[in-house]
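J.: Dumping the structure here so I can ask a few things about it.
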Amino acid sequence: MTKSTYVELGEEKTSNQKGNMKRGVSILDFILRLIAIVATLASAIAMGTTDESLPFFTQFVRFRANYDDLPTLRFFVVASAIVSGYLILSLPLSILHIIRSSAGMTRVIFIILDTVMLGLLTAGSSAAASIVYLAHKGNRKANWFAFCQQYNSFCERISGSLIGSFIAIPLFIMLILLSALVLSRR
């Protein structure tokens, strides 16, 4: 009689440990989504509010640098905003996974949508990084001159806004791997 009691307790602990593991992964998923929201939203806001004006000869003639002048920086802002919106909309499902760890179909949806958002964020960040590099270094062969010496504040802000998006990229990779881990343990 005692042997069967031990076996039953052992089975309960194993299934309970599996449930605790899924719950822990779901909590980590939620935290990573919150961090990614902050990173992508801060990147979009920092880039979207970047502009600088420089006087030329007099106060009345000014040269202006704005993120909107370059289509790739516009794409970066739109991509980061879309990813932020997706992450905000995915929070209720992430909370559902904490409460009910057996929701497997939404994990598959998360893997697919997280992968799409990872691609979008990577494309926007890479495109913006190439323009930021050209702004800092220029390209002599194409007669593109580096303008960061003149527009120092503008260049610092657009460079800084890339940091958040490049933080969010590994977070998305971790989110995809966590969802795959939970599905494989199912």
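The backbone N, Cα and C atoms fix where each Cβ goes, glycine too.
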J.: Do SER161 and ARG185 end up on the same side of the membrane (judging by the domain labels in Swiss-Prot)?
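T.: Checking Swiss-Prot: the two residues are separated by the membrane.
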J.: How about long-range neighbours of the topological domain 'Extracellular' (129-161): same chain, 6 or more residues beyond its ends, C-beta under 8 Å?
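T.: Result: 42-44, 46-47, 50-52, 54, 63, 65, 67, 70, 72-73, 76.
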J.: Taking residues 6+ outside the topological domain 'Cytoplasmic' (96-107), which of them lie with a CB under 8 Å of any CB in it?
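T.: Cβ under 8 Å, 6 or more out: 19, 22-23, 26-27, 29-30, 179, 182-183, 186.
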